[in-house]
Structure formats: structure tokens, C-alpha cells
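Engineer: The active site, proton acceptor annotation in TrEMBL covers Tyr30. Per TrEMBL, active site, proton donor is recorded for His110. Taken from TrEMBL, the feature substrate binding site applies to Asn81, His87, Asp94, Ile111, Ser112, Arg121. What TrEMBL lists as site 'Transition state stabilizer' is Arg25.
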Amino acid sequence: MADAYKGRQTVLVVNGPNLGRLGVRDPEVYGRQDLATLTRDCEDWGRQLGLDVQVLQSDDEGQVIRWMHQAVDQGSAVVLNPAAFTHYSYGLADAAVQVTQAGLPLMEVHISNPSSREAFRRRSVISPVATGTITGMGFYGYRLALEAVAHLLETA
Ligand code: DQA
């Protein structure tokens, strides 16, 4: 499985529903910066880490699932903020496990710490199939996830 990481340097940074509303939605929880800023940050961090980062967002569960399939087919690692799909989408979990089963890292990220919020956010159906999970670090969590991906790709 480790050998499958070698030579794979592209990363899809996939954001689920309502994350296109960053900066407007619950700024006390998610901060005042928008998705365009997060996109630029991730692209910069990717460049620093030698990763080719593509930032994506959709409110459509089917689209997010299709990006998991795309990651498998093109051999890309994934940084995934599944947003509300985290808590109930077995369809997305089934797609995410295909990424890790293909030998590709999949880091789950949450801007907030869902465990410290409403009860329904305490369960993730994605965490059991993710390579790792980072929560509660704001946008910086994406940097940590990209560093984890770079580390996994380098040390595989
Ligand atoms: C989130 C946490 C989820 O519970 C929520 O539904 C989101 C964002 C986060 O980044 O903290 O939309 O994934």
C-alpha cells in the first residue's frame, strides 16, 4: 500500500455544503475569511510543500462523491471537509474509503471542533475511513492536513 503513494503529488481539497458561505455564515464559529481566501491559502501552502493543490466546493452530495472517484482515478490525495455530510452520508463514506483503499491519503478537516458543539456533530461517519482527522484549528487545519499529506507521500 505504501508504494502506491510514491510519485503522487496532486491533492484535491474538497469542501462540502455551506462552506461556500465562509465569511458570512456563523463568523464566530468559522471566522470572517471567505472561501476565496481559504483557496489562496491552500494553494500557497501547497506550493510551499511541493504539492499541486486544487480547491473545490459543492453543496451537492453527488458532486462531492464524484470528486472522491476522480481522486482514485487520477491518483490524487484528498483533504476533505465533508461539512454536514460528515454526520450522516454513508454514500460519501463509501466513496472516501475507496480513496484510502487505493493507497492514497485522505485527511478529514473541520474548521471548528464538532465534538464541542451540538450532539449531532459528535459523530463522524468519515473519521473511521479517513487516514487522519484535524479539528478546531480554523483554516490552519488545512495547512496541517496538507503537511500530513506531504509527510505521508514523502515517507511512503
Ligand atoms: C464543519 C463542521 C460540521 O459540523 C458543519 O456541518 C460544517 C462545517 C467544520 O468545518 O467545522 O458545515 O465541517
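Glycine residues also receive a Cβ, built from the backbone N, Cα and C atoms like all the rest.
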Engineer: Filter the candidate list Asn81, Asp94, Ile111 of binding-site residues, keeping only entries whose CB is under 6 Å from an atom of ligand 1.
Structural biologist: Asn81, Ile111
Engineer: To the nearest Å, how far is the Cα of Ser112 (substrate binding site) from the Cα of Arg25 (site 'Transition state stabilizer')?
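Structural biologist: With distance taken Cα to Cα, Arg25 (site 'Transition state stabilizer') is 13 Å from Ser112 (substrate binding site).
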Engineer: Could you tally the C-beta atoms, other than its own, that fall within 10 angstroms of the C-beta of Ser112 (substrate binding site)?
Structural biologist: 18
Engineer: Select the closest residue to Arg25 (site 'Transition state stabilizer') from the following recorded positions, measuring between CA atoms: His87, Asp94, His110, Ile111, Arg121.
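Structural biologist: With Cα distances computed to Arg25 (site 'Transition state stabilizer'), the winner among His87, Asp94, His110, Ile111, Arg121 is Ile111.
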Engineer: Work out how many Å separate His87 (substrate binding site) and the residue listed as 'active site, proton acceptor' at their Cα atoms, rounded off.
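Structural biologist: Answer for this pair: 18 Å between alpha carbons.
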Engineer: Write down the Cα-Cα distance for the residue listed as 'active site, proton donor' and Asn81 (substrate binding site), rounded and given in Å.
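Structural biologist: Roughly 6 Å, rounded to the nearest whole number.
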Engineer: How far is it from Arg121 (substrate binding site) to the residue listed as 'active site, proton acceptor', counting Cα to Cα, in Å?
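Structural biologist: On Cα coordinates alone, these residues lie 15 Å apart.
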Engineer: For His110 (active site, proton donor), what is the tally of other C-beta atoms lying within 10 angstroms of its C-beta?
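Structural biologist: Other Cβ atoms found within 10 Å: 24.
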Engineer: Give me the Cα-Cα distance between Ile111 (substrate binding site) and Tyr30 (active site, proton acceptor), rounded to a whole Å.
Structural biologist: 6
Engineer: According to DSSP, does His110 (active site, proton donor) fall in a helix, a strand, or coil?
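Structural biologist: It is in a strand.
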Engineer: Just the number: how many Å between the Cα atoms of the residue listed as 'active site, proton acceptor' and His110 (active site, proton donor)?
Structural biologist: 10
Engineer: Taking the Cβ of Asp94 (substrate binding site) as the reference point, list residues of the same chain whose Cβ is under 8 angstroms away and which are at least six residues distant in sequence.
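Structural biologist: Counting only residues 6 or more apart in sequence, Asp94 (substrate binding site) has no Cβ neighbour under 8 Å.
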Engineer: For substrate, with binders Asn81, His87, Asp94, Ile111, Ser112, Arg121, what's the maximum Cα separation in whole Å?
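Structural biologist: Spelled out: the longest distance between any two Cα atoms in Asn81, His87, Asp94, Ile111, Ser112, Arg121 is 24 Å.
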